[in-house]
């Protein structure tokens, strides 16, 4: 257990496992690290994971938590059009935690960072009742202009790279004791694989706006819409592959729970077929695609006619925000096939139920 | 209370309070911030504060916690010889926390950052049972070589800038319900004021090694000694001002607690006079100066003959580590007036009692 170990012994066990990178000029062990910023600017973002809020110890290993903590941060850097260079990690752990959990976390961080060459250059350790992992990630723009949320223009193509709804489906499976039914979806929740290279590729291709989808497609698309002063109309058929992939999981969850889907779908579209079991399964899969969080795919807008870089595909278009839906509610500037989703319950909020 | 507020409302209350700075190219509100790094490198460090581990809610206001979270990080950047440019903050808060606590934290961050012109450029919010504040700070070296812990050389002068033992004394006063006896010492604990400008000044003056004293003089001097492969001999008389300042507080704490000092002082030096009350008061003040943490003063080494930049003053010299004390234990390469302190209980460890 951690409490049977000194802080220095624990750090000595962790340090050799941490990923190293070319941008590191001074690594862990001093008051601060020094990281190269050849662009003359650096991109920085921070995200925190809290036990029982963002992960459950009975589902996620230390490795899984390290992987997720890194990936959700790396995706934020990618969403600016940058390549990740360095991370620092603040870790709060209870004394009863096995040392192997902590070294597993370091291995998960390292595995998630490996493809992009980002290093862990520093950190801090503290004891606490619950595990808290706060990661700060840095990236280099390589001369690119940062791609903000505010640059979408009417008539731009809306494009998406990555999986949609897989993480929410995996979480729902675990939540209903169906984790063994579809390991790939469970893994998509435990260890998301955002398309990090797509971020700089989008910037190079002229993306006008971009963000990481952490809180759900409708909610995050709404953020681009509001920041840019536009509307976004999504084309549900563009997610046919994800919808088909999630159908069986939706049926399995519904068979166990008997729950109706959360009803994020436009009320006007709840037709007679929705009453059927198959219709409700499809509606649940649709909820996951439209509102499920934590896949960390990238949503970007490009001038019409842009040849989209792989793996982006067109999923909608930017429209005049004044004509799309109710301007008052969250996500109101976002429509799906021209219809406004209900203005409540879209995505989630940490403090409200 | 925080739980009666949405995350977006809370962020909207915090954002206007956060400090801004010249290095900020893209501030809070997007996936990531963009910060200027004119030096082509940046310095980065992270530190975490946990409720009941690093502060007590009954003693520290949100403002105090924000101040301390910023200052202990800013001191790490200063200790590399850099000037702070930007911070990001991950904040975990329970739903019952007053919104004013959180806005107070933002004001404390801002006040601590104001003199150095550092900005808060991003953050993340989560709910959790205990308050956790993880700050990552960035700085610019302005062309200076970073001052590491490993550069001290035999015959260098050891110098210190800042207060010694004030924070530990303030904490001891609070801990014995004596907080009203000496507000200046209590304030030194609640809102430390490290000499941030002394860091870059030391680098400019040719400092060979430097660190921020967060865990106590003996323990942190031991880190420089080990990293540099040298010994450090400290001159207790150099801290006469701090010792005199802390005498009354030591007497007040001893009168209430009846405790003997923790005994960090070299065993050989516990003479007959130590048995007297006045002697024990003096020994407690000496413990605070030698082992008290969290003043965040700077300890640096300079080539002999260097004109020390203000407010550094000479407090010892670098000696051959092979001849000073027991090379096995923590702090063993550090002596005080030529005598090795006991090799146990120096500073503290988060996980061991």
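Cβ coordinates are placed from backbone N, Cα and C, and glycine is handled just like the others.
What TrEMBL records for this protein:
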- B:29-139: domain 'PurM-like N-terminal' (DOMAIN)
- B:31, B:45, B:76: Mg(2+) 4 binding site (BINDING)
- B:31, B:76, B:212: Mg(2+) 3 binding site (BINDING)
- B:46, B:47, B:124: Mg(2+) 1 binding site (BINDING)
- B:47, B:76: Mg(2+) 2 binding site (BINDING)
- B:54, B:294, B:348: substrate binding site (BINDING)
- B:123, B:124, B:149, B:214: ATP binding site (BINDING)
- B:215: Mg(2+) 5 binding site (BINDING)
Work through the binding-site residues one by one (B:45, B:46, B:214) and point out the residue whose CB has the fewest other CB atoms within 10 angstroms.
B:214
Residue B:123 (ATP binding site), number of other Cβ atoms within 10 Å:
26
May I ask you to pick out the binding-site residues among B:31, B:214, B:215, B:294 with a CB closer than 8 angstroms to chain A's CB atoms, ordered by sequence, or 'none' if no residue qualifies?
B:31
To the nearest whole angstrom, state the Cα distance for the pair residue B:46 (Mg(2+) 1 binding site) and residue B:215 (Mg(2+) 5 binding site).
15
Nearest recorded site to residue B:214 (ATP binding site) by CA-CA distance, among binding-site residues B:31, B:54, B:124:
B:54
Could you round the CA separation between the residue listed as 'Mg(2+) 5 binding site' and residue B:123 (ATP binding site) to a whole angstrom and send it over?
27
If one measures from the C-alpha of residue B:149 (ATP binding site) to the C-alpha of residue B:212 (Mg(2+) 3 binding site), what distance in angstrom results, rounded to a whole number?
10
Which one is closest to residue B:31 (Mg(2+) 4 binding site) in space, judged by CA to CA distance, out of the binding-site residues B:47, B:54, B:124, B:212, B:294?
B:124
What binding-site residues in the list B:47, B:54, B:123, B:124, B:212 lie within 10 angstroms of residue B:76 (Mg(2+) 4 binding site), counting C-alpha atoms?
B:47, B:212
Restricting to the record's ATP-binding residues (B:123, B:124, B:149, B:214), give me the longest CA-CA distance in Å as a whole number.
32
List the helix, strand and coil residue totals of the domain 'PurM-like N-terminal' (B:29-139) as derived from DSSP.
35 helix, 44 strand, 32 coil
Considering only the binding-site residues B:45, B:123, B:124, B:212, which residue has the minimal Cα-Cα separation from residue B:294 (substrate binding site)?
B:212
